[in-house]
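Features reported for this protein in TrEMBL:
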ACT_SITE  His452  active site, proton acceptor
BINDING   Lys60, Gly124, Thr152, Gly153, Ser154, Asp320, Met326, Leu327, Ala328, His329  FAD binding site
BINDING   Gly189, Ser190, Gly191, Val192, Ile193, Gly194, Leu195, Glu196, Glu212, Gly279  NAD(+) binding site
DISULFID  Cys51-Cys56  disulfide bond
DOMAIN    5-335  domain 'FAD/NAD(P)-binding'
DOMAIN    354-463  domain 'Pyridine nucleotide-disulphide oxidoreductase dimerisation'
Amino acid sequence: MAKQFDVLVIGGGPGGYVAAIRAAQLGFNTACAESNPYADPKGEPRLGGTCLNVGCIPSKALLHTSHLFEEAGHAFEEQGISVGTPKIDVAKMIGRKSKIVEQLTSGIKGLFKKNKVTFLAGHGSFVGKTDGGWQVKVGEEVVEAKNVIVATGSTARHLPGIPVDNKLVCDNIGALDIDSVPKRLGLIGSGVIGLEMGSVWKRLGAEVTILEAMDSFLGAADQDLAKEALKLFTKQGLDIKLSVKVGKVTVGKKSVTVEYETKDGAQKVEFDRLIVSVGRVPNTAGLNAEAVGLKIDERGFIDVDGHNQTNLPGVWAVGDVVRGPMLAHKAMEEGVAVAETLAGQKGHTNFDTIPWVIYTSPEIAWVGKTEQQLKAEGAAYKVGKIPFMANGRALGAGTPAGFVKMIADANTDRILGVHIIGSNASELIGEAVVTMEFAGASEDLARICHAHPTLSEVVHEAALAVDKRPLHF
């Protein structure tokens, strides 16, 4: 007899493992199937998906190391600290990153045991419907579940004519395991992964060129933010080329040659390594969706309603395989929401308050609407904008670059968007998210006492600036 579960989650990434844990906490007999290629030393599938294994977490480990390296080589001397010329041991840096990944993936298995989630190693795909729910094949075994949550994530998009071997030509996976600092690093695409990896290797000494097809930089961000970022990154030495049409890519024994066109004409450049960062595609091809009639659109995304339910009863989908931003924290929120909906609670994900973060130096973060979006809507709004150079803590830390921009409704004062480029933007955005989630106004933040001296005071001052009464600028 097939194993029976109340809830089966297909995929053990952020959306999947969180959905499984929450479902188990709510009393459901829950299993999670995972077959990702990120095997542990024993050859078993690692939980955590792309984010934990070859995405969010390992990239932040490398970013931190590269930040310390740059500090030692530049900022230390400015503050009277002499350490000589720093040297980077890339193998040790990569090893540290891998240990962090192993620690956290093992931790998820521990959480499964703690919450009594059954872990099923193997690829999950639909077989058919039964009276009690759904049959799903996991590896060589067929199990049954009353409810199925699809959380199979996404993979890097590859371009025709550009063979990714994760040695000379890398996607996000290979970019995290480059074994030496390349003299010349090329990146196709200036999205989050491209900018973060470009920042890592630029700090460690590489000459970095970013080739972006769009005619604008960071098109999804507020344009004030994007312009400031482009200015700062260019000043740091990143060579960012816009409106690029990539042509022939030739892979040699030790280098990659890229031919491309810009408004200045045809160009050719040789790189020691090339990273392709042009978005991601949902992992839905292996679900055997057609066998059960699961609706998938022409781009490969599973069609869901506002509660993440598919067109099939008892089948749900979360994370990168459905509409919305491909962000780990968005997937987690959806996973929790689905589990709570199954338990009869009011599970909900507020897409208006999902923060975006780019972990460059300085960091970039935003939540809510951009000024260009509000202009397009014809909305009446007011803006407060304060630079970090007006903040004592930022000056003391040697991080005066950037600003906080707050946008509020001109009539109600409700905060519509907050956009930050500067030190610790990833942490500072949390205050804005909480305020917006509870429909707060800029005056609410302006009336709250912020500790002094802290970077959070820049958020406070931006709230005051919305009403044209900043105290320190």
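Indices start at 1 and increase along the chain as displayed.
Quick reminder: no glycine exception, Cβ is built from N, Cα and C everywhere.
Known features from TrEMBL, placed on the structure.
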residue: Cys56; record: disulfide bond; Cβ within 10 Å: 20
residue: Lys60; record: FAD binding site; Cβ within 10 Å: 15
residue: Thr152; record: FAD binding site; Cβ within 10 Å: 32
residue: Ser154; record: FAD binding site; Cβ within 10 Å: 21
residue: Gly189; record: NAD(+) binding site; Cβ within 10 Å: 22
residue: Gly191; record: NAD(+) binding site; Cβ within 10 Å: 19
residue: Leu195; record: NAD(+) binding site; Cβ within 10 Å: 25
residue: Glu212; record: NAD(+) binding site; Cβ within 10 Å: 23
residue: Met326; record: FAD binding site; Cβ within 10 Å: 18
residue: Ala328; record: FAD binding site; Cβ within 10 Å: 22
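Sequence-distant neighbours of the residue listed as 'active site, proton acceptor': residues of the same chain at least 6 apart with a C-beta under 8 Å from its C-beta are Gly392. Here the Cα atom of Cys51 (disulfide bond) is found 12 Å from that of Thr152 (FAD binding site).
Compute the center of the Cβ atoms of Gly189, Ser190, Gly191, Val192, Ile193, Gly194, Leu195, Glu196, Glu212, Gly279, which mark the site for NAD(+); besides them, the chain residues with Cβ within 8 Å of that center are Leu187, Ile210, Ser277, Val278. When the Cα atoms are compared, Ile193 (NAD(+) binding site) and Cys56 (disulfide bond) turn out to be 9 Å apart. A Cα-Cα distance of 16 Å separates Gly191 (NAD(+) binding site) from Ala328 (FAD binding site). According to DSSP, Met326 (FAD binding site) sits in a coil region rather than a helix or strand.
The 10 Å shell around the Cβ of Ile193 (NAD(+) binding site) contains 24 further Cβ atoms across the protein chains shown. Distance from the CA of Cys56 (disulfide bond) to the CA of Ala328 (FAD binding site) is 8 Å. Per-residue pLDDT, averaged along the domain 'Pyridine nucleotide-disulphide oxidoreductase dimerisation' (354-463), amounts to 98 for this model. A distance of 20 Å separates the Cα atom of Glu212 (NAD(+) binding site) from that of Met326 (FAD binding site). Across the structure, Cys56 (disulfide bond) and Met326 (FAD binding site) are spaced 12 Å apart at their Cα atoms. Separation of the C-alpha atoms of Met326 (FAD binding site) and Leu195 (NAD(+) binding site): 16 Å, rounded to the nearest whole number.
Calculated from their C-alpha atoms, the gap between Thr152 (FAD binding site) and Gly189 (NAD(+) binding site) amounts to 24 Å.
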